[in-house]
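Engineer: Found this in TrEMBL, in case it helps:
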- 1-73: domain 'Methyltransferase type 11' (DOMAIN)
- 143-217: domain '18S rRNA (guanine(1575)-N(7))-methyltransferase Bud23 C-terminal' (DOMAIN)
- 182-220: region 'Disordered' (REGION)
- 186-195: compositional bias 'Basic and acidic residues' (COMPBIAS)
- 202-211: compositional bias 'Basic and acidic residues' (COMPBIAS)
Amino acid sequence: CGSGLSGDYISEEGHYWIGMDISPAMLDVAVEREVEGDLLLADVGHGIPFRPGMFDGCISISAVQWLCNADKKSHSPPKRLYRFFSTLYTALARGSRAVLQLYPENSEQLELITAQAMRAGFTGGMVVDYPNSAKAKKFFLCLFVGTSGTLPKGLGTECASEEPQQAKFTNERTRFRNVKGKSVKKSRDWILEKKERRRRQGKEVRADTKYTGRKRRPRF
């Protein structure tokens, strides 16, 4: 919830809210600003610590993507994401919704996040505002609890076709495919991508050098 800026708007609309943040400094600012919501110092990767069906909705702004990082050796991004989504699903009342705005680094993060949301029981999908803009583009994961709803139309989109009522994502890796559509294994790009995925998982990986992916001569 940061310093509670979004919470002010929620309060103005007549709602009660509870904000969670992992940063004591940000919560201190919220306390100084005398926000109306209750504040909780917690890591959402450890789960949402509230009783079942307590909330009518959830809003998150630029936070979920941080669960994809392994800041400690004990951190497993898939497990932390599933812990977050599964406990969030439990804490939300049936028929409620959650809207999570995020800034994914790449397609793998989007795939990981949506997969864990589906595994936890959510339905819904990804809505993108201004998909053709480099600066204004925003991703929103819109989730439904216990029922399927209609996804909103993203701002700046002209397509009016209906979206499937479940979380979805297509992972395209066109850079690493040859003419026949198969992955070009052992290429430099393929190796660098694999090493980067392992780094995000918190595994120890050798540093990239000019020799990474270089083919050895026959005499070896």
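FYI, residue positions are counted from 1 along the chain as it appears here.
Cβ coordinates come from backbone N, Cα and C, glycine included.
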Engineer: Please work out the helix, strand and coil residue numbers for the compositional bias 'Basic and acidic residues' (202-211) from the DSSP assignment.
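Structural biologist: So the compositional bias 'Basic and acidic residues' (202-211) is made up of 0 helix, 0 strand, 10 coil.
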Engineer: Looking only at the region 'Disordered' (182-220), what are its DSSP counts of helix, strand and coil residues?
Structural biologist: 13 helix, 1 strand, 25 coil
